[in-house]
Amino acid sequence: MTTPEGFRSGFVSFVGRPNTGKSTLTNALVGEKIAITSSRPQTTRHAIRGLVHRPDAQIILVDTPGLHRPRTLLGERLNALVEETYSDVDLIGLCIPAGERIGPGDRWILEQVRKLCPTTPILGLVTKIDTVFKPRMMEQLVAVSTLLGPDSEVVPVSAASGEQVDVVADLIASLLPEGPRFYPDDVITEESDESRMSELIREAALEGVRDELPHSIAVSIEEVLPHEGRDDMVDVHATVYVERQSQKAIVLGKGGSRMREVGTQARAGIEQLLGTKVYLDLHVKVLKEWQRDPKMLGRLGF
Ligand SMILES: Nc1nc2c(ncn2[C@@H]2O[C@H](COP(=O)(O)OP(=O)(O)OP(=O)(O)O)[C@@H](O)[C@H]2O)c(=O)[nH]1
């Protein structure tokens, strides 16, 4: 396919404090579920790319983990990944929810971004506008403009209701440099099926877990095999790793009831992803301190 005159393309990364709606906005822009979202903060781990194909532009979204001070080896690796990601993006979208005051966390992130990529333009995104009334939204638009400086672009959006998502896409496209189509237009993500499957399982396993840290759960896909005697079905064998026996009990639920729900939810997503019926076989294993073990981190793909 030839690239029309004036076509724009480039890499875009959303940054912001945990839970500010970065993944949800990525999904809304791409229109298919790719990045993991959950009501728990800091669940995004991979630099997942979603693609937005337009007649005039191609937007490549790099969904980075939030910047945070490293506390474990996993934290350090995440930060290294973040730095790498930032160094070659064309636009940064700073996400700040409409209903939350701008605080030291937001300023710290902005400072890091300006240090890591001083010349990259920053677009202010006031997210979750469905949660506030108009006057509060206006107030936040002004506050984010003030934070970013006089020439900055700031736009309000709700990924949940879809309001303004197309405006965000237009604005992002206009801010990208002229460039080629990097990907054919039927591609929506670069992630392998396997890592998308483990994200779906992890997301389901995290849902409703109240007190445990999300970083304590990791999922490994052991095997994907054709189902014996049926050619419209595959068997997916996966292991959910937790760090402590107490976490295992929480993930399993009473008599394994929670795990069955996790399985049902994850299976639906995997069936949609693979376009076939799926038999999902899930096991939960305790692996002490996996976050601090380099060999284990390697095995789980970090
Ligand atoms: N009401 C409302 N909720 C939203 C919106 N966007 C995201 N959320 C919710 O906010 C929570 C966090 O959203 P995520 O997209 O996972 O946030 P994130 O910034 O990617 O979070 P991390 O992965 O922790 O960095 C989830 O419960 C979302 O459902 C929105 O536009 N409106």
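From the backbone N, Cα and C atoms, a Cβ is placed for every residue, glycine too.
Features of the protein shown, as given by TrEMBL:
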BINDING   16-23, 63-67, 127-130  GTP binding site
DOMAIN    8-178  domain 'Era-type G'
DOMAIN    209-288  domain 'KH type-2'
REGION    16-23  region 'G1'
REGION    42-46  region 'G2'
REGION    63-66  region 'G3'
REGION    127-130  region 'G4'
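Each of the binding-site residues Gly16, Lys22 was scored by other CB atoms within 10 A of its CB, and the lowest score goes to Gly16. Sequence-distant neighbours of the region 'G4' (127-130) (same chain, 6+ residues past either end, Cβ-Cβ under 8 Å): 16, 20-21, 25, 95-99, 137, 156-161, 163-164.
In the three-state DSSP scheme, Lys22 (GTP binding site) is classed as helix. Taken together, the residues of the domain 'KH type-2' (209-288) have an average pLDDT of 85.
The residues of the domain 'KH type-2' (209-288), classed with DSSP into helix (H, G, I), strand (E, B) and coil, number 32 helix, 29 strand, 19 coil.
Reduced to three states, the DSSP call for Gly16 (GTP binding site) is coil. The helix, strand and coil residue counts that DSSP assigns across the region 'G4' (127-130) are 2 helix, 1 strand, 1 coil. When the binding-site residues Asn19, Ile129 are compared by the number of other CB atoms within 10 angstroms of each CB, Asn19 has the fewest.
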